[in-house]
Amino acid sequence: MFKRVVRQSKFRHVFGQAVKNDQCYDDIRVSRVTWDSAFCAVNPKFVALIVEASGGGAFMVLPLHKTGRIDKAYPTVCGHTGPVLDIDWCPHNDQVIASGSEDCTVMVWQIPENGLVTSMSEPVVVLEGHSKRVGVVTWHPTARNVLLSAGCDNMIIIWNVGTGESMITLEDHHPDIIYSICWNRNGSLICTACKDKKIRVIDPRKEEIIAEKDKAHEGARPMRAIFLSDGKVFTTGFSRMSERQLALWDPENIDEPVAVHEMDTSNGVLLPFYDPDTNVVYLCGKGDSSIRYFEITDEAPFVHYLNTFTTKEPQRGMGYMPKRGLDVNKCEIARFYKLHERKCEPIIMTVPRKSDLFQDDLYPDTAGPDAPLEAEEWFEGKNGDPVLISLKHGYIPGKNRDLKVVKKNILDNKMSKNTENTTPAHKTATSTPSIKSEAKLEEVLKEIKSLRELVSSQEKRIGKLEEQLSKMDI
């Protein structure tokens, strides 16, 4: 276990508290599908939850203020033909969400400003390229409209959502199922955890493995890997004796871990959630009833145990609110959305402070919703750090969090065009090039011209026949 050494840390007294029953989301049938994803995604406007659905896959999108009992007839996002396995909100548009499914597709949806009024079955775009179920979807942190997906076909595809095209395909880097993928701070690298017990750091644009570690965790159960803001990689997994482990790795010297800790013998996969502003990692085990949190520092033992928040009920999944959605007036440093079997329960983490003033040390400038790069720039090789915003003035819950729109989102353009036209609202990644469209149009115009000529000649013939008939009658 962890040595409880008394050390100076402003997060030693982080206090966790579940909200009251009337502030939970009740009567929700959380998905029972066997896949180790979080099943929940949250942003400052909505909470999305993967739910049970007959005849396909669905997830529910609720405005944050829509607490209490949720009606069984409440609309869902239900375009997939197989169970939904993973969902992820776009960091640059709080109304755009991506979903991956057992039906081998990735779909991108645009949720109305005030939430769903009727069920949504037509996505903005369908991304087709995987041959097996899609278990991971994750947006690029700094480039607009760049989305990564990973399937049980052991492939990673990076898409330009604005055009519906697959731009990068990593086919030969993983021999088995990919459990998790995480972008680094500026989105230039990804780290992956695979069933072959290896963690890999990959440059996706060069399609090169920068670093890899075999048997990062020797147990057979799934691993997870995330990037920290300093470039190190934090992993969770299982030892050979089936003990749950966490480890810290430096990709520049990945042969030996910077730190390794054994935790317990529970068999639930540990989902890590990371706050780059405070360097705190929260571990939520599927099937656990607790959230453990650790501070990562440059001093040995590098991973410092802070505390554990425990409730009575086990968790089926967990959502983690981005920093810009927190209540800074209450010194809230994290908010989780815990999935039970039939409800979603928000859990608030606060650092008790006597002063009512804004706590600069708890809230350094954080990543905002503006994207420093367009998709095309990133694919051309440019990198950009997150555009930071101050939380000093906080946010009003429920208000639109798109602080500034530098350029109109391509997704919005696609949505408006789709609603104007009579064609279906979704467009597959295998869309016909414009040159072919022009050729087809020319062909159609020629056909119309020949039909007009045919009609004209037939009219003349009919006229002559009518004339002959009238003479015969006389």
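Note that Cβ sites are derived from N, Cα and C of the backbone, with glycine treated the same way.
Quick look at what Swiss-Prot annotates:
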- 434-468: coiled coil (COILED)
- 415-437: region 'Disordered' (REGION)
- 79-119: repeat 'WD 1' (REPEAT)
- 173-212: repeat 'WD 3' (REPEAT)
- 216-259: repeat 'WD 4' (REPEAT)
- 264-304: repeat 'WD 5' (REPEAT)
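Proximity of distant same-chain residues to the repeat 'WD 3' (173-212), defined by a Cβ-Cβ separation under 8 Å and at least 6 residues beyond the stretch ends, is recorded for 36, 135-136, 138, 140-143, 146, 148, 150, 152, 154-156, 158, 218, 222-227, 229, 231, 233, 235, 237, 249, 251-252, 254, 276, 378-379, 381, 383-386.
Panel annotation: around the coiled coil (434-468), no residue of the same chain lying at least six beyond its termini places a Cβ under 8 Å from a Cβ of the stretch (none). Tertiary proximity for the repeat 'WD 5' (264-304) is limited to same-chain residues at least six positions away from its ends with a CB under 8 Å from its CB atoms, namely 3, 7, 9, 11, 14, 16, 36, 38, 185, 221-222, 224, 226, 228-229, 232, 234, 236-237, 242-244, 246, 248, 258, 310-318, 320, 323, 333-334, 336, 338, 347, 349, 362-364, 366-367. Beyond its flanks by at least six residues, the repeat 'WD 1' (79-119) meets 31, 33, 35, 37-38, 40-46, 48, 50, 53, 56-59, 61-63, 66, 125-128, 130-139, 141, 144, 147, 149, 151, 159, 161, 322, 367, 369-371, 400-402, 409, 411-412, 415, 426 of its own chain at Cβ-Cβ distances under 8 Å.
Residue counts for the repeat 'WD 3' (173-212) under DSSP (helix as H, G, I; strand as E, B; rest coil) come to 0 helix, 21 strand, 19 coil. Helix, strand and coil content of the repeat 'WD 5' (264-304), in residues and according to DSSP, is 0 helix, 21 strand, 20 coil. With DSSP states grouped into helix (H, G, I), strand (E, B) and coil, the repeat 'WD 4' (216-259) comes out at 3 helix, 17 strand, 24 coil.
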